[in-house]
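See below for the structure under consideration.
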Amino acid sequence: MMGRGSFSFPPLHTLEPMRRMFLNRVYASVYTCAIVAMFYHRSLTLLRSTSSIAFCLSLAFLISDTVFAFMWFTSQSFRMRPVRRREFPEKLLSFVKEKDFLALDIFICTADPYKEPPINVVNTALSVMAYDYPVEKLSVYVSDDGGSELTLFAFMEAAKFASHWLPFCREHMIEERCPHAYFRSSHRCTQTGKMKMLYETMKAKVETAMERGHVPDEYIADVPEREAFNKWTDGFTRHDHPTVIQVLVENGREKDMTGHELPNLVYVSRQKSKASPHNFKAGALNVLVRVSAAMTNAPVVLTLDCDMYSNDPKTPHRVLCYLLDPPFGSKLAFVQFPQVFHGINKHDIYDGEFKHFFQINPQGMDGQVGPSYVGTGCFFRRRAFFGRPSSLLSLEIQELHPDLVVNKSVRSEAVLRLAHRVANCKYENQTNWGIKMGFRYGSLLEDFFTGYQMQCEGWKSVFCNPERAAFLGDVPMSLSDVMDQIKRWDVGLLEVLFSEYSPVTFGIRSMGLIMGLTYSHYVLWPIWSFPVTFYAFVPQLALINGVSMFPKISDPWLYLYVFLFLGAYAQELLEFLLAGGTIQRWWNEQRMWMIRGISSHLFGIIDYFLKTIGISALGFNVTNKVIEDEQSKRYDHGVFEFGVSSLLFVPLTTAAIINLISFLKGLARVFIYGNTREVFVQLFISTFVVLNCWPVYEAIALRKDRGKMPTKITVVSTLLAWVLYSMSALILKS
């Protein structure tokens, strides 16, 4: 149990190791013995090879199984000490008065108004502005890395709507404080209709401006608003423009409709120049760290993606249960909430939940040093951005000191001058920003890299997973978006793996073996592509050519491989079910694991190595959050969305074709020759892959909608399957 540890105050939180911890360790010992036996058998097979082809195939099997074994071994680090935490926010006021709550700065990032609709970003901002928290201690900063006047206009309208929405939420004790989510729910009160009309009016104005591509003159209310938009001159582009900082709401100055104060709301678009690197999202976040330090400098910082709205107005109270608990809180860098998503279809066909990554594995990391930072839904101690717990880094200007109290108005000339200065695109030159300070550069996964380096420096983190989700976000609704996202993650993970801070070496030295292995497991995700691709093609091509590659049914060694396969899957299934999942969702999770292995991970590796030699210039691609109605309907019905001619679909479709042929050829051999013993394992693998590939066959042959497999992909994949078969026939029959 963890808490304050004093009889004068009730514990604010507890920690309980999960009961399956002991069973995990026993099972790991048994499974390890089975892996050792498997290596022994593979080595014997390799040494007894009678031809160069047999030797190469045996070696390939050994390498693939080594990768499987290593990834399984690293995954056990999550299972050594999984824990469950509980917070008691209802006891917080007996520990500290509300006026002594820590101030909170909230960062919301957006980058493209056409991929991330401003009305969605507005909903996110309004949901956190309405927190049950002292408004004088709450500030919301919106980073618009696209530098769009449309986004600024949306937030000008949001500021006006907030004066109605916040008192409405407060008076009616509404839990769903995201307007869109509330009006979509069944909750109603006497003023709901009036409030919805105000919301729809705001939404219509924002969407009209989006359709026109500019802010209509009739929507500009006064001279200050017009002056703000005057900054968008002819030479203003998203890649080259001056800093724009607009204080939309100032606490203590603006009031809501009932006369209560409102929290600060600030729009920030940092200066950009083609001559200066902007470092993607990490660069935008570092600007927010500095700008907020100049304006409010709250000791706690919440980072949110633009589509991840608040689902619980008391979430900051849960965070204070940890941050206000000395000495536990003194080394606590951040409190991470899981990513939870709304709108996921019944069976989660794309594994949008990522249950192992977002919910199960963090519990295992929480039993050690703490979970990784996943980029959103995370409350930071500001001090953690400025060096180790024991030593504060030297600051280039003292106005950014994390302990400095800012007493000036956010609209004062001195504050705005400093804010513009630290948002300059050349400000970070010759400083520690992005290297040892703030959010870290060097990887497309700036969130993962930042949290990892903080923990290497001695900071700890906490995984907070309340029954009511703290935040809810959107999920991609097309397979191409999902695979592109994973490919981008893979490039970022490989950048961490091959950096000077590689978890395999630096991480293990800095954090210890178990935590080092957890991060090693993540950065090595892309290597799943090697064994998955091998097992998706080679045994099947061998079966088509009449070559047996596994022990016969009568061979006792077969039972070892059956145990290894079923044991790994059974453990994953049990964890998934205990975390609240269903068997159907687990099936889709393992299907997506295979799809990622044969496609996203493979292309992620290729992109990374092309990038290192300067051929590819993969940057940060914003995930499209605009969904067509028909696409949304197909997703809701559990139908896979292909639709676009993506190169990522080629290996998947090729594998589906080869496995179907292998399955049919294997069945024919069984029925014609009764030859089950020699082909059983290969036929089983083909059958398993065919079952997983049913959505592909359906998209190729049975569907007529816009989400079906493009003909170009089918033709290219069929030709590639024929080439692979021809090559295998030459090799295996030679």
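Backbone N, Cα and C atoms are what each Cβ position is placed from, and that goes for glycine too.
Annotations in TrEMBL come from automatic prediction, not curation.
What you see is a predicted model, and the numbers here were worked out from it, not measured in a lab.
A C-beta separation below 8 Å, combined with a sequence spacing of at least six in one chain, links Asp145 (active site) to Cys109, Thr110, Ala111, Ser269, Arg270, His278, Lys281, Ala284. Residues annotated as active site in TrEMBL: Asp145 (among others).
Look at TrEMBL and you will find Asp447 (among others) tagged as active site. Here the Cβ of Asp447 (active site) has 24 other Cβ atoms within 10 Å, regardless of which shown protein chain they belong to.
Residues annotated as UDP-alpha-D-glucose binding site in TrEMBL: Lys115, Glu116, Asp145. In this structure, Lys115 (UDP-alpha-D-glucose binding site) belongs to neither helix nor strand by DSSP; it is coil.
Using a 10 Å Cβ-Cβ cutoff, Asp305 (Mn(2+) binding site) registers 24 neighbours. The Mn(2+) binding site annotation in TrEMBL covers Lys281, Asp305.
TrEMBL lists 21-40 (among others) with the feature transmembrane segment. If one looks beyond the transmembrane segment (21-40) by at least 6 residues along the same chain, the residues whose Cβ comes under 8 Å of a Cβ in the stretch are 62, 65-66, 69, 72-73, 76, 79-82, 367, 560-561, 563-564, 567-568, 571.
Annotation source TrEMBL lists transmembrane segment at 52-74 (among others). Non-local neighbours of the transmembrane segment (52-74) in the same chain are 31-32, 35, 38-39, 42-43, 45-46, 517-518, 520-521, 524, 527-528, 530-531, 534-535, 538, 542, 549, 568, 731-732, 734; each lies 6+ residues outside the stretch with a CB under 8 Å from one of its CB atoms.
TrEMBL lists 519-538 (among others) with the feature transmembrane segment.
Listed by sequence, the residues of this chain that lie at least six past the ends of the transmembrane segment (558-581) yet keep a Cβ under 8 A from its Cβ atoms are 20, 27, 31, 34-35, 37-38, 41, 72, 353, 355-356, 359-360, 550-552, 589-590, 681. Here TrEMBL flags 558-581 (among others) as transmembrane segment.
Marked as transmembrane segment by TrEMBL: 602-622 (among others).
What TrEMBL lists as transmembrane segment is 642-667 (among others).
Here TrEMBL flags 679-697 (among others) as transmembrane segment. Tertiary neighbourhood of the transmembrane segment (679-697): same-chain residues 349, 535-536, 539-540, 542-543, 548-553, 558, 561, 590-591, 594, 639-640, 652-653, 655-656, 659-660, 662-663, 666-667, 669-670, 709, selected by CB-CB distance under 8 Å and a gap of 6+ residues from either end.
Same-chain residues lying 6+ beyond the ends of the transmembrane segment (709-732) with a Cβ under 8 Å from its Cβ atoms: 53, 537, 541-542, 544-545, 547, 642-646, 649-650, 653-654, 656-658, 661, 696, 699-700, 703. The transmembrane segment feature in TrEMBL is assigned to 709-732 (among others).
For the transmembrane segment (642-667), same-chain residues at least 6 beyond its ends with a Cβ under 8 Å from one of its own Cβ atoms are 478-480, 483-484, 487, 533, 536-537, 539-541, 543-544, 595, 598-600, 602-603, 631, 679, 682-683, 686-687, 689-690, 693, 696-697, 699-700, 706-710, 712-714, 716-718, 720-721, 724-725. The record assigns Lys115, Glu116, Asp145 to the UDP-alpha-D-glucose site; their largest pairwise CA distance measures 13 Å. Candidate binding-site residues: Lys115, Lys281. Fewest other C-beta atoms within 10 angstroms, Lys115. DSSP classifies Asp145 (active site) as coil under the three-state reduction. Counting every protein chain shown, the Cβ of Glu116 (UDP-alpha-D-glucose binding site) has 24 other Cβ atoms within 10 Å. Across the structure, Asp305 (Mn(2+) binding site) and Glu116 (UDP-alpha-D-glucose binding site) are spaced 10 Å apart at their Cα atoms.
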